[in-house]
Amino acid sequence: MGIPSFQTLTLPTFIFFFVSSYLLAYFRIFHNWDPKHRAEASSCFISLTHGTTAVFMAIHALTTHTTKSPSPPTFSSPNTFLHNTVLEFSISYFSIDLLHYLIFFPNDTLFILHHLATLYVFFTCRFIVQHGSFALLVLLILAEITSFCQNVRTLAGYRKADLPVAGKVFDLISLPFFAFYTIVRGIIGPLFVYKMGVFYINQMAGDSIPVWAWVSWMIVIVTAILISIVWVFDHWIDWFKRRKAMNKLA
């Protein structure tokens with residue numbers, strides 16, 4: 001633990017990748033969309049490039065054991081090179097998406113705070129504490145494994161009013177997405193965070209992760225979990241209302 005070290009070019013490379021992806025989406029892929037949805041769709045596009053990729057990168061990093069640490073990792077294990085690479089990949093994505101919100105949607109306080117909090121956790125883990133990435137990568141998988149469905153549904157929602165096929169995709173994907181999201185964010189996620197909390201509260205991290213770090217991480221993570229649960233609960237209510245309205249029209 002100490003001064004942040006930038007020993008590789010992975011972070012600037014990833015930042016360049018997400019900037020390029022955003023510009024490609026904004027000026028080419030969605031160039032004929034209306035201005036508001038054009039920016040939102042470009043954000044969805046880089047979220048698509050990040051989400052599923054981050055899941056596979058994190059799984060690979062977690063299942064690759066180094067000779068320096070042959071024992072199973074714990075919530076306080078030192079970060080490996082692969083762990084740090086995944087963290088830098090996500091830091092790059094959230095930085096560019098945060099810039100998107102600051103430019104186009106500066107009043108979207110919730111998303112801006114979410115991105116700032118996520119960047120704080122990833123940055124401190126990667127460059128300051130340099131331990132604890134195992135838990136964060138598991139949470140990253142749980143957070144991003146639903147990303148593909150969520151972004152496809154969001155993109156379809158932007159065009160469902162003028163494209164019938166978009167409306168069909170939106171309706172088709174909503175139920176399985178909500179069910180999957182509920183299982184991952186409402187059941188598996190909280191159980192894993194509970195295990196993290198027990199580990200840290202019982203001081204099993206020792207001196208590897210300072211108290212200020214794990215306390216602040218847990219505050220951010222628990223808050224994110226609660227917001228996710230409220231979000232999906234509200235969408236379930238909306239889905240049932242729409243289904244009820246459709247049944248009355250049938």
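Heads up, the Cβ atoms here are built off N, Cα and C, so glycines get one too.
Residues annotated as domain 'TLC' in TrEMBL: 36-244. As a whole-number mean, the pLDDT of the domain 'TLC' (36-244) in this prediction is 94.
Under the heading transmembrane segment, TrEMBL lists 6-27 (among others).
Taken from TrEMBL, the feature transmembrane segment covers 39-61 (among others). Residues 17-18, 21-22, 24-26, 29-30, 33, 80, 82-83, 85-86, 89-90, 93, 96-97, 100-101, 104-105, 137-138, 140-141, 144-145, 147-148, 151-152, 154-155, 158 of the same chain lie 6 or more positions beyond the ends of the transmembrane segment (39-61) yet place their CB under 8 Å from a CB of it.
Residues or ranges marked as transmembrane segment by TrEMBL: 81-103 (among others).
Remote same-chain partners of the transmembrane segment (110-129), defined as residues 6 or more beyond its termini with a Cβ less than 8 Å from a stretch Cβ, comprise 1-2, 4-6, 79, 84, 87-88, 90-91, 94-95, 97-98, 101-102, 136, 209-210, 213, 216-217, 220-221, 223-224, 227. For 110-129 (among others), the entry in TrEMBL reads transmembrane segment.
Feature annotation from TrEMBL assigns transmembrane segment to 135-152 (among others).
Annotation source TrEMBL lists transmembrane segment at 172-194 (among others).
Residues annotated as transmembrane segment in TrEMBL: 214-233 (among others). Sequence-remote contacts of a segment are chain residues at least 6 beyond its ends whose Cβ falls under 8 Å from one of its Cβ atoms, and for the transmembrane segment (214-233) they are 110, 114, 117-118, 120-121, 124-125, 132, 136, 139, 143, 178, 181-182, 185-186, 189-190, 193, 196-197, 200, 205.
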